[in-house]
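A.B. asks: Below are the structure tokens for one structure; questions will follow.
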Amino acid sequence: MRRMHLEAVLKSSVRHAKPAGLTLQYGTAGFRTKAEHLDHVMYRMGLLAVLRSKKTKSVIGVMVTASHNPEEDNGVKLVDPMGEMLVQEWEVYATNLANAEEHELQTALTNIIKEETINMQDESCVVIGRDTRPSSENLSLAVIDGVTAFESRYQDYGLVSTPQLHYIVCCRNTDGRYGEPTVEGYYQKLSKAFNDLVKQSPNSEADKKSLSIDGANGIGALKIREMEQHLQPLLSLLLFNDGSKGKLNHACGADYVKVLQKAPEGIDMKPGERCCSFDGDADRIVYYYKDNEHRFHLLDGDKIATLISTFIKELLVKVDLTLNMGVVQTAYANGSSTRYLEEIMKVPVYCAKTGVKHLHHKAQEFDIGVYFEANGHGTVLFSKRAEEQIRQLVDTGTSEESRKAAQMLKNVIDLINQTVGDAISDMLVIEAILSLKGLSVEKWDEIYTDLPNRQLKVKVADRRVIETTNAERRTIKPPGLQENIDEIVKKYHMSRAFVRPSGTEDVVRVYAEADTQENADALAHEVCLAVFHRAGGVGDEPKPLR
Ligand SMILES: CC(=O)N[C@H]1[C@@H](OP(=O)(O)O)O[C@H](CO)[C@@H](O)[C@@H]1O
Ligand SMILES: [Mg+2]
């Protein structure tokens with residue numbers, strides 16, 4: 001490392017001192033904790049982004065957000081050259097850097113540079129984005145301080161959704177082939193693909209119902225407002241929880257709706273009308289509606305994956321292309337969705353560990369890989385081969401029908417944000433499919449019926465005592481826990497349950513499914529007790545739900 005660089009680093013590091021003793025881990029989605037503990041982490045992630053940029057000879061992204069966490073929290077994640085999450089091998093560098101005490105920082109940096117044989121003379125560029133949290137602006141300035149300490153180039157994109165930053169990184173590293181590397185370029189690309197798609201809809205006039213969006217009082221609301229003008233008058237959007245009064249993610253947003261299986265506050269729901277919720281950084285989406293009896297119905301990531309993969313499969317038949325398509329889920333996927341995809345749709349389904357990076361990785365193995373977490377985070381990946389074949393058929397398809405189907409697939413490719421799950425992009429794909437197929441939200445919901453399920457959390461002294469295997473569906477530690485869960489599960493009908501330590505919160509998550517909601521709740525509670533007693537629960541024993 002050149003002396004000058006190092007001196008600059010050590011000098012500016014003093015302004016971003018690490019609270020002694022604080023340790024954090026680069027988890028499922030980067031670092032996340034109370035915002036006041038993150039200044040030094042941001043500065044150091046600025047440094048790491050520069051090293052990653054030099055190493056990959058590409059533009060690297062840094063996003064300041066804590067997604068669905070409460071407003072007081074914040075976090076940071078790095079974006080790799082093609083818009084993917086930071087490669088796993090570098091997560092340990094991120095953790096080491098974040099946890100190095102002041103006097104260890106130099107060694108931590110030198111180690112990475114040596115290990116990765118980074119040439120500090122190489123060019124570098126970092127792009128930065130942030131969500132709407134009150135703490136985000138200052139924290140992004142800390143990132144910039146880190147970036148400039150290494151004399152790197154950077155561009156601050158300011159307020160953007162997480163998927164917009166992923167899109168921008170991908171555009172910057174592909175000479176604009178993926179699109180114009182600006183937020184405006186993103187709107188142009190997506191809205192053109194969407195408008196072209198729905199133009200082909202025989203039902204464009206038929207379903208005049210509007211879509212109500214819960215913006216979680218976050219960045220998604222802001223960005224929908226900007227995008228809206230590109231979409232009019234094809235889609236009528238009603239925006240709620242737009243951040244003008246409510247608190248970010250408070251009693252609203254995709255996570256709230258999915259976990260509590262109820263409508264967010266602040267939204268005006270009319271029977272039969274489509275509603276959707278974004279999360280705090282707009283990379284997740286879930287749909288829902290209430291029926292004429294005012295019962296709430298949730299259409300989560302599993303229902304979205306089913307809708308999209310069915311649509312794509314039908315188009316593939318029309319264009320007569322033999323491309324292999326697979327759906328990737330996690331253990332949280334509702335059993336009914338897996339059964340429907342495998343048995344009715346005859347689509348191969350795979351189970352990956354929780355966290356988008358695992359699903360994304362698996363989905364890359366297919367010509368067309370559809371992946372969604374049940375919570376609504378997901379996208380579709382098209383291999384280069386698939387994309388080329390589809391684009392070719394737009395002109396060379398043997399019949400009018402096949403050319404039209406190829407055109408639709410091409411529009412889907414352009415509409416979907418292939419870099420990462422994206423609430424806005426997914427929403428437009430869903431809206432286009434519903435319009436093209438003339439499907440109401442009720443009809444979409446009827447494709448299969450979810451098994452009643454419950455997700456709970458247990459507080460334990462150290463969640464790392466739980467180790468899992470088989471894509472997190474079974475525990476191997478602590479001893480006896482899995483056997484205990486197996487015994488409990490046997491007592492219920494159509495039942496399934498698993499536990500795993502969360503990667504973003506200091507809790508153990510419990511998931512249970514059974515034939516009735518009452519049984520799913522009782523099963524979840526019994527499993528919570530097993531975790532509490534066998535994995536060092538703290539505080540009061542978990543109480544039954546009713
Ligand atoms: C059950 C669940 O929804 N888990 C979420 C949550 O991870 P945990 O490791 O379960 O805390 O946050 C992740 C990041 O947003 C997301 O990828 C994941 O799906
Ligand atoms: Mg998110």
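Backbone N, Cα and C atoms are what each Cβ position is placed from, and that goes for glycine too.
Caution: TrEMBL annotation is automatic and unverified by curators.
Since the structure is predicted, the reported quantities are computational estimates derived from the model, not experimental observations.
Reproduced below are the annotations present in TrEMBL:
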DOMAIN    54-89  domain 'Alpha-D-phosphohexomutase alpha/beta/alpha'
BINDING   Ser67, Asp279, Asp281, Asp283  Mg(2+) binding site
ACT_SITE  Ser67  active site, phosphoserine intermediate
DOMAIN    107-173  domain 'Alpha-D-phosphohexomutase alpha/beta/alpha'
DOMAIN    184-286  domain 'Phosphoacetylglucosamine mutase AMG1'
DOMAIN    300-438  domain 'Phosphoacetylglucosamine mutase AMG1'
BINDING   Glu373, Ala374, Asn375, Arg500, Pro501, Ser502, Gly503, Thr504, Arg509  substrate binding site
DOMAIN    478-528  domain 'Alpha-D-phosphohexomutase C-terminal'
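I would like each feature placed in context: is it buried or exposed, what are its neighbours, and how far apart are things?
C.D. replies: Looking just at the domain 'Alpha-D-phosphohexomutase alpha/beta/alpha' (54-89), the mean pLDDT is 97.
Counting every protein chain shown, the Cβ of Asp281 (Mg(2+) binding site) has 34 other Cβ atoms within 10 Å. Under the DSSP three-state reduction, Asp281 (Mg(2+) binding site) is assigned to coil, being neither helix nor strand.
The DSSP secondary structure for Ser67 (Mg(2+) binding site) is coil. Just so you know, the Cβ of Ser67 (Mg(2+) binding site) picks up 28 other Cβ atoms within 10 Å once every protein chain is counted.
The number of other Cβ atoms within 10 Å of the Cβ belonging to Glu373 (substrate binding site), over all protein chains shown, comes to 25.
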A.B. asks: Could you list, ordered by sequence, which of these binding-site residues: Ser67, Asp279, Asp281, Asp283, Glu373, have a Cβ under 6 Å from ligand 2?
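C.D. replies: Once distances to ligand 2 are taken from each Cβ, Ser67, Asp279, Asp281, Asp283 fall under 6 Å.
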A.B. asks: In the domain 'Alpha-D-phosphohexomutase alpha/beta/alpha' (54-89), how many residues does DSSP call helix, how many strand, and how many coil?
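C.D. replies: Its residues fall into 5 helix, 14 strand, 17 coil.
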A.B. asks: Select, from Asp279, Asn375, Pro501, Gly503, each of the binding-site residues with a Cβ positioned under 6 A from at least one atom of ligand 1; if none does, say none.
C.D. replies: Asn375, Gly503
A.B. asks: Cα-Cα, whole number of Å: Asn375 (substrate binding site) versus Ser67 (Mg(2+) binding site)?
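C.D. replies: Cα to Cα, Asn375 (substrate binding site) and Ser67 (Mg(2+) binding site) are separated by 13 Å.
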A.B. asks: Record lists Glu373, Ala374, Asn375, Arg500, Pro501, Ser502, Gly503, Thr504, Arg509 as binding substrate; longest Cα-Cα distance in Å?
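C.D. replies: Maximum Cα-Cα distance: 17 Å.
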A.B. asks: Across all the protein chains here, work out how many other Cβ atoms are within 10 Å of the Cβ of Asp283 (Mg(2+) binding site).
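C.D. replies: 33, counting other Cβ atoms within 10 Å of Asp283 (Mg(2+) binding site).
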A.B. asks: Going by Cα-Cα distance, which of the binding-site residues (Ser67, Asp279, Asp281, Asp283) sits nearest to Gly503 (substrate binding site)?
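C.D. replies: Nearest candidate: Ser67.
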A.B. asks: What is the three-state DSSP composition of the domain 'Alpha-D-phosphohexomutase C-terminal' (478-528), stated as helix, strand and coil residue counts?
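C.D. replies: Secondary-structure breakdown of the domain 'Alpha-D-phosphohexomutase C-terminal' (478-528): 22 helix, 12 strand, 17 coil.
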